[in-house]
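See structure below.
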Amino acid sequence: MSGCPYFQRKFLSTSKQHLKEEENDEAQTGINKASKGGLIYGDYLQLDKIVTSQVLQSELKGNKIHDEHLFIVTHQAYELWFKQVLWELDSVREIFISGHVRDERNMLKVNTRIHRIVMIFRLLLDQFAVLETMTALDFYDFREYLSPASGFQSLQFRLLENKIGVPHNQRVPYNRRHYRDNFRDQESELLLHSEQEPTLLQLVEQWLERTPGLEEDGFNFWGKLEKNIFEGLRREKEHIEQKPASERKEEMLAELIKQRDIFLSLFDEKRHDHLVSTGQRRLSYKALQGALMIYFYREEPRFQVPFQLLTSLMDIDTLMTKWRYNHVCMVHRMIGSKDGTGGSSGYQYLRSTVSDRYKVFVDLFNLATFLIPRDWVPKLDPSEHTFLYMAECCDSSYCSSSDDSD
C-alpha cells in the first residue's frame, strides 16, 4: 500500500463507506439455510447420478471421441423430456378415465397439461439444432461403437406413441417384424400393456360423443346441419344454372358436384365406418359429429375450451410429424443411405414413418374439408344459447362431479 497519508485516509474512508453500504444492502439480508444442513440442490435433483451417467463407448475402447459426449447428453435430454410428456399424458388420461372430465372445472387442467406437452415438443424440435453442430465425419468417428443400439429402441417414445393412440396395425414393420420384437422381457410387457390401456384418442372420442346438442330429441345439430347444407347446395346450383353458358359455368357445376359428394360421405354412417375400418378415419361417427359441432360453435363460451383442446391435439400431431421429419433429415445428413446401427434400412425406414399412418388425430385436421358458409350453420335461438351456457348443470353427461382429481 502507498505510504501517502492522503491515499491511506481516502482508502480507509472508501472501505468504511462500502462496509456501511453492504450492511444496509437489502439484497444481503437473507439467511444461508443450506449451511445448517438438510436437503440441498444437488441432492434434491440427484445430480451425482445425472452428470456422471455419460459413459463414452469410444473412451472405453481406448479411443475417446469428443463429440460422443454431446451425442449422449442430447439423447439423455430427449429421454428426460419424454418422461415428462408421459407424466403429463398419464395424468390427462386419468382425468378422462376417472370421469373427472365431466366436471368442466377440470377441463382447464386438461388443457394446461396438453399445452405443456405441445411446448415440450416445440423444445425438442429446437434441440436438433444442437445435435447438428456435429458433422457427419464427427459422428462417423464413434458410430462404430454404438451398434446394435438404436433410437428405435427408445421405450419411452414407443410408450408415448401407444398412449396417444398410434394404431399398432398402422405401424410400418421394422425389418418385417413387429415393433415389440425389438424389446426384451419387461420392456415388451410394458409396451403390450400400453396397447391394452385406453388411449388418449379413445378417451377424447368418448368425450366428444357426449357433446351436448347432438341429441336427436334436443337441439339435433346433425339433422339440422344436414338439412342446411343440402338446401344451401341446392340454392347454389340454381344460382349457377342461371348464368349464361360458359366454360366457367361448367367448372362451377363440376365443383358443386364434388362438394355434394363430400357432404354425402359426411352424412353416410356406413361409409364412415368403412373409412374407419381402413384406417382413413379414426373417430367414431358420433365423435366426429361432436368435433364438428365444437368447430362450428367455437366462439360460444361453452365450446371455447373444448376447441382449444382440439387445437392442441392437432398441435401434438403436427409437432410429432415435424419431429419425425427432422429426425429423418438429420439421419440422412449423418449416415446417408447406410443401414442404421440397429440393423434397419436407416433413412429409408425412417422416411416411411413420416405419413398420416402415424397421425392420431387426423380426423380433426380433416374437419376443414367440411367448411361451409357461416349462414349454413344451424342458428342457436335464445333458449339454445342458455342451454349451451348451462350445459354442465343441465346435461347429465357433463354434470359436475363431487370428486376431486389430482
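Just so it is clear, glycine is given a Cβ too, placed from its N, Cα and C backbone atoms.
Note that the structure is a prediction, hence the values are computed from the model and not measured.
According to Swiss-Prot, the features are:
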{"type": "BINDING", "residues": "PHE71, ILE72, VAL73, THR74, HIS75, ARG143, THR341", "note": "substrate binding site"}
{"type": "BINDING", "residues": "HIS327", "note": "heme binding site"}
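For the pair the residue listed as 'heme binding site' and HIS75 (substrate binding site), the C-alpha distance works out to 12 angstrom.
Around VAL73 (substrate binding site), the C-beta neighbours below 8 angstroms that are at least 6 residues distant in the chain are GLN54. According to DSSP, THR74 (substrate binding site) sits within a helical segment.
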